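*Asks:* What TrEMBL records for Glu414 is active site, proton donor. Here TrEMBL flags 100-225 as domain 'Beta-hexosaminidase eukaryotic type N-terminal'. Annotated domain 'Glycoside hydrolase family 20 catalytic' per TrEMBL: 249-592, in sequence order. Per TrEMBL, transmembrane segment is recorded for 25-42.
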Amino acid sequence: MKWCGEAVGRGSPAYFARVARLRRALLLLAAAACTAAALLYWRQQSDDRATRPLHSLYTGVEPEWTWVCRNERCERLPAAETSSLQSLPTCNMLCASTQLWPQPTGPVSLATAAVPVRASAFTLHIVTSPSGHVSDHLEDAFSLFLEDLKALEKNTISDKRSDIGPAHEVLVRISVNGSSDVRMLIDTDESYKLSLRPKRNTLVADITAHSFCGARHGLETLSQLIWLDPYAGSLLALEAATVEDAPRFRYRGLLLDTARNYFPVGEIVRTIDAMAACKLNTFHWHISDSQSFPLRLNSAPQLAQHGAYGPGAVYTTEEVRAIVRRARLRGIRVLIEVDAPAHVGRAWSWGPQAGLGQLAYCVEVEPWSAYCGEPPCGQLNPRNPHVYELLERIYAEIIQLTGVDDIFHLGGDEVSERCWSQYFNDTDPMDLWLDFTQRAMHVLERANGGKAPEMTLLWSSRLTRSPYLERLDTKKFGIQVWGASRWPESRAVLDAGFRSVISHVDVWYLDCGFGSWRDSSDGHCGPYRSWQQIYEHRPWVDESVGGMGQVGDGWRVEGGEACQWSEQLAAGGLDARVWPRTAALAERLWSDRAEGAAADVYLRLDTQRARLMARGVRAAPLWPRWCTHNPHACL
């Protein structure tokens with residue numbers, strides 16, 4: 001045959017070479033054709049994209065709907081019935097009801113117009129600061145603020161927002177005139193003022209406060225004036241706002257028990273971030289119990305060695321410092337509780353081989369039901385001096401790790417009188433308990449540089465009832481009241497003038513309502529506590545006084561705390577169990593408005609849940625999503 005002027009045989013090497021070249025040429029042509037087709041398809045899609053409304057580019061909403069503000073609520077309408085579209089988040093933010101959570105306690109003025117912004121367009125200017133330390137923390141807190149905005153912004157579609165105008169620059173100016181201590185202390189002034197106003201193509205946000213923590217709360221409120229509009233594919237911010245705010249109570253806490261089941265550091269950090277979003281200020285870390293001791297302390301490494309579930313269920317001092325650092329930037333103190341003298345277990349069983357004698361008695365004794373509320377049992381030896389030496393070292397290291405020296409929690413609940421009676425039949429076990437508490441307080445003072453903390457907390461117990469209640473010093477001890485709200489002994493603590501943190505089991509225990517892990521009963525604390533019940537509980541109001549009640553005379557309520565015990569909870573389930581119920585408590589403790597769970601509260605809490613979800617918190621829903629879209633029909 002002839003091929004390009006050259007005669008080749010069908011089976012010759014030249015023939016096969018030319019066939020191979022032809023195949024390569026055909027493959028190149030086919031590839032070019034596919035590329036051209038793809039480019040044409042992409043161009044057509046891009047042209048379609050450019051002509052379609054922005055709302056149809058966002059797959060997370062139903063673009064056939066629009067929302068309008070009527071009677072202070074957003075109503076859903078078919079998009080075909082109106083010439084302009086408005087997303088639900090934007091309608092909520094611009095409608096009459098403020099969407100701030102918790103509701104500020106001072107005057108609030110919010111604009112009803114919004115402008116586009118970008119996280120990259122925010123800048124910080126520290127106008128005044130009492131110290132370089134405060135300035136450094138403000139800069140780091142501002143970085144976390146930007147991270148939160150970027151978490152919102154990650155769902156935007158495009159940088160093209162010509163239909164809503166160019167993004168505004170945002171200048172955040174912070175003035176702190178007051179404390180140079182960045183820690184959350186019992187007497188920290190958490191008040192702040194926020195002013196947001198337009199200045200040409202710039203929004204100027206002025207935050208003034210008397211402490212770093214107050215300024216951080218101002219940043220949190222500013223973040224709530226910014227939202228993602230899914231129809232526009234942009235962050236929007238209110239055009240103007242003024243807020244004056246300060247909390248009603250100084251102690252606003254959440255307890256997490258990491259002894260019954262272990263929670264990874266990431267879940268603890270996410271919990272702290274969610275607390276900050278609701279302006280809670282105390283992470284009460286119930287870090288040890290009879291089941292496990294997961295904290296590896298340099299002062300007593302044997303406790304974790306003998307008491308942790310395993311090497312993968314231990315908190316190192318480096319991890320604790322990282323959690324404390326994150327919490328401090330979020331305006332939160334970390335209050336670590338090593339419970340004693342009861343609620344201890346095998347972690348304290350190494351005394352004899354170390355030459356320290358028996359550090360604990362009744363460890364894993366049977367039948368456990370005769371000695372403690374749940375297995376395993378165990379409590380410290382109140383007459384072993386080495387116990388107090390160890391406690392002093394533990395207390396000193398906890399204070400050093402957390403930097404919290406004005407508040408301390410000694411634990412001190414549910415001592416078994418029967419256990420101590422078996423070993424010390426010459427003394428009333430209640431007298432032993434009181435003596436232990438006073439000696440623990442003494443070593444705490446030594447561990448704290450010779451000074452007692454301003455408030456040292458004990459759990460309410462038989463020790464905080466008469467006649468022993470009168471033997472506790474009201475100037476040194478505060479009581480965390482966990483008993484039911486209508487128990488006489490719960491009120492007795494308040495009437496005796498003790499500084500108190502309220503955690504009533506019948507309202508603010510988050511583990512209730514899931515039955516008993518030991519049998520088929522309802523459990524020790526009854527039914528589930530809804531967010532509405534949590535929100536409406538006002539234990540500082542004395543309802544025995546006429547009318548709607550009034551604040552109890554002489555009561556010294558520092559605040560309150562939700563408690564999440566973990567017998568039936570572990571990693572992966574924490575978010576939905578805690579949120580948004582604890583957000584309801586946060587507003588009660590911050591604002592304490594007399595009204596209950598009214599329609600406005602539903603709407604604002606639903607918005608706050610959406611904020612938590614945007615930050616990666618898997619909060620439980622308040623209601624069906626249909627009600628979010630149609631609140632006028634559900635309320």
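Cβ from N, Cα, C; glycine included.
Keep in mind that what you see is a predicted model, and the values were worked out from it rather than measured.
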*Asks:* Please list residues from the chain of the residue listed as 'active site, proton donor' whose Cβ is under 8 angstroms from its Cβ, counting only those at least six apart in sequence.
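*Replies:* When sequence neighbours closer than 6 are ignored, the residue listed as 'active site, proton donor' has Ala342, His343, Cys372, Gly373, Trp459, Ser461 within Cβ distance under 8 Å.
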*Asks:* With DSSP helix as H/G/I and strand as E/B, how many residues of the domain 'Beta-hexosaminidase eukaryotic type N-terminal' (100-225) fall in helix, strand and coil?
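*Replies:* Each residue of the domain 'Beta-hexosaminidase eukaryotic type N-terminal' (100-225) counted once, the result is 38 helix, 43 strand, 45 coil.
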*Asks:* I'd like to know the mean pLDDT over the domain 'Beta-hexosaminidase eukaryotic type N-terminal' (100-225).
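*Replies:* Taking every residue of the domain 'Beta-hexosaminidase eukaryotic type N-terminal' (100-225) together, the mean pLDDT is 93.
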